[in-house]
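Per Swiss-Prot, these features apply:
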type    : residues                                                                                                : note
BINDING : Ser9, Lys41, Ile75, Lys89                                                                               : substrate binding site
BINDING : Ser9, Phe10, His17, Gly90, Leu91, Arg92, Glu100, Leu124, Glu125, His126, Ile127, Ser128, Ser129, Ser130 : ATP binding site
SITE    : His17                                                                                                   : site 'Transition state stabilizer'
Amino acid sequence: MTIAVCPGSFDPVTNGHIDVITRCCRLFDEVHVVVAVNAMKKPLFTETERVDIIKHALADSGMTNYVVAWTDGLITDYCRKVDSPVIVKGLRQNGDYEAELGMALVNRHLAYVETMFLPANPVLEHISSSVVKDVARHGGDITGMVPDYVVPLLEKALR
């Protein structure tokens, strides 16, 4: 059984994230969606809230071969713990490749974990958590950028 790890800050989870996760679920026996706690970031939602939001967002995906968890440690340590040989990341055309390649090389060095890149769905490529928060913060419509469940949660968190 091949387990893949799909990490991110997911603050908030976007429809782009959900797309990558569901595609990943079609490719692997089991997918661990891991909320990675980054001490350098000030998230809107706690790690527990983000886990719950992702679980709710994936509930209607039709996928059942996923686990949602969080870690404040290295993703490679999490990979070792669950015996996963691969990390899967989505890539947009906005410079993600350079940043993600650097992390992929570090992860391979630390734990011999390979990183696979899935190109973003072109329809969702412009969406990022940062863009969603900025649009919502200024009263813009984020419908279609995030799962419907996330819209009121994000609006409340930004008040």
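From the backbone N, Cα and C atoms, a Cβ is placed for every residue, glycine too.
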Among the binding-site residues His17, Lys41, Lys89, the one whose Cβ has the most other Cβ atoms within 10 Å is His17
Running the binding-site residues Ser9, Lys41, Ile75, Lys89 through a 10 angstrom C-alpha radius around Ser129 (ATP binding site) leaves Ser9
Of the binding-site residues listed (Ser9, Ser129), the greatest number of other CB atoms within 10 A surrounds the CB of Ser129
Students should find that the Cα atoms of Leu91 (ATP binding site) and Ser9 (substrate binding site) sit apart, in Å rounded to an integer, by 15
Between the C-alpha atoms of Ser9 (substrate binding site) and Glu125 (ATP binding site), the distance in angstrom, to the nearest integer, is 17
